[in-house]
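The Mn(2+) binding site feature in Swiss-Prot is assigned to L40, M43, E45. Positions annotated as repeat 'TPR 1' by Swiss-Prot, on the basis of sequence analysis: 101-137. Taken from Swiss-Prot, the feature repeat 'TPR 2' covers 148-181, and the record attributes it to sequence analysis. Annotation comment: Swiss-Prot describes 182-215 as repeat 'TPR 3', evidence class sequence analysis. Residues or ranges marked as repeat 'TPR 4' in Swiss-Prot: 222-255. Taken from Swiss-Prot, the feature repeat 'TPR 5' applies to 262-295, supported by sequence analysis. The annotation repeat 'TPR 6' is assigned in Swiss-Prot to 337-370 on the grounds of sequence analysis.
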Amino acid sequence: MTGVISSSSIGEKINEWYMYIRRFSIPDAEYLRREIKQELDQMEEDQDLHLYYSLMEFRHNLMLEYLEPLEKMRIEEQPRLSDLLLEIDKKQARLTGLLEYYFNFFRGMYELDQREYLSAIKFFKKAESKLIFVKDRIEKAEFFFKMSESYYYMKQTYFSMDYARQAYEIYKEHEAYNIRLLQCHSLFATNFLDLKQYEDAISHFQKAYSMAEAEKQPQLMGRTLYNIGLCKNSQSQYEDAIPYFKRAIAVFEESNILPSLPQAYFLITQIHYKLGKIDKAHEYHSKGMAYSQKAGDVIYLSEFEFLKSLYLSGPDEEAIQGFFDFLESKMLYADLEDFAIDVAKYYHERKNFQKASAYFLKVEQVRQLIQGGVSLYEIEV
């Protein structure tokens, strides 16, 4: 007869499992996940331990989705994130202390992946109120890193840089966290890009790419190539940007990294429209739309429709306004600023200064929203 396994021994294994998740060590994390799952049925009754397991399984899947699509990896019996989230939500009322921290932190990570940035900040702020229960310095670095990502997407540059610095200082003290270190370099770079400090941005992107290449991580290699292209694009160096986007697309397609393809195809499409290379733009536009539909990416589908409204429909101002309303409803103010600039420049280049002026005014209004954005994140916890 098989003996009962103590919950403390399984708890130690879950801690070890989480260590491998944070290191992005998929084989070790998968091995422990399967082992722990088998042992749970033989474990003494402990509801908190079952909750801890559910939270860690959710975090495990977030790691897998970040690095490689589950469909490509063909990992057996891997539950969907949405199903895991539903299961954990049902048990939320029982969460206290460290488990409550994990729930809010992991849920914030999920919302961040869904590009629901304000919702992500809300959960991260709740997690921050429970950070007192976290004794592990690497876990604190994880929290700082995700806060930095969130503030970057909301264009709160100095908040993002400060959290990235705190995370980097911890990660560099520990071995086996090279992936997070290279991601910190990417965060520094993207924030420098927003500050228009292009040389600093390129330096950090190149460092990140070298590290991603050494780690043999195609997702991170592709993203870094994309970001270097983005840096060139931001300086209106369109011809220089194109090769980087092509290389990023090649990496994503070769490795079947579907979620990253709409973004890469969008910018290479937009560049070709700006350069007046309409036939090539159509080709990229078609592929980008197809990948967006396949990925179920509603935001990029709407962005490809925006390109059609601006460059192929006259422009269609009603459709453009509808797109702007959509971005505003999602609080995607940084994206709204960029697209309003594109429309303003479109009209300015065609010497329609009245309409250009109206859209430049829109840009200023959006910048006011971004600059005043800190108050949006003062969320009661």
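Any Cβ shown, glycine's included, is placed from N, Cα and C.
For the repeat 'TPR 4' (222-255), the model's average pLDDT works out to 95.
According to its DSSP assignment, E45 (Mn(2+) binding site) is coil. Shown in sequence order, the list is empty: the chain has no residue 6+ apart in sequence with a C-beta less than 8 angstroms from the C-beta of E45 (Mn(2+) binding site).
Here the repeat 'TPR 5' (262-295) has, by DSSP, the following mix of helix, strand and coil residues: 31 helix, 0 strand, 3 coil.
If you draw a 10 Å sphere around the CB of L40 (Mn(2+) binding site), it holds 14 other CB atoms from the protein chains shown. Close to M43 (Mn(2+) binding site) in the fold, though at least 6 residues off in sequence, lie V4, I5, S6, S7, I10, L49, each with a CB less than 8 Å from its CB.
Cβ atoms under 8 Å from those of the repeat 'TPR 6' (337-370) belong to residues 154-155, 270, 303, 306, 310, 315, 320, 323-324, 327 of the same chain, restricted to positions at least 6 beyond its ends. Within its own chain, the repeat 'TPR 2' (148-181) is flanked in space by residues 22-25, 108, 112, 115, 117-118, 120-121, 124, 137-138, 140-142, 187-188, 190-191, 194-195, 211, 214-215, 217, 220, 331, 333-334, 337, 370, 373-374, 377, which lie at least six positions past its ends and keep a Cβ under 8 Å from the stretch.
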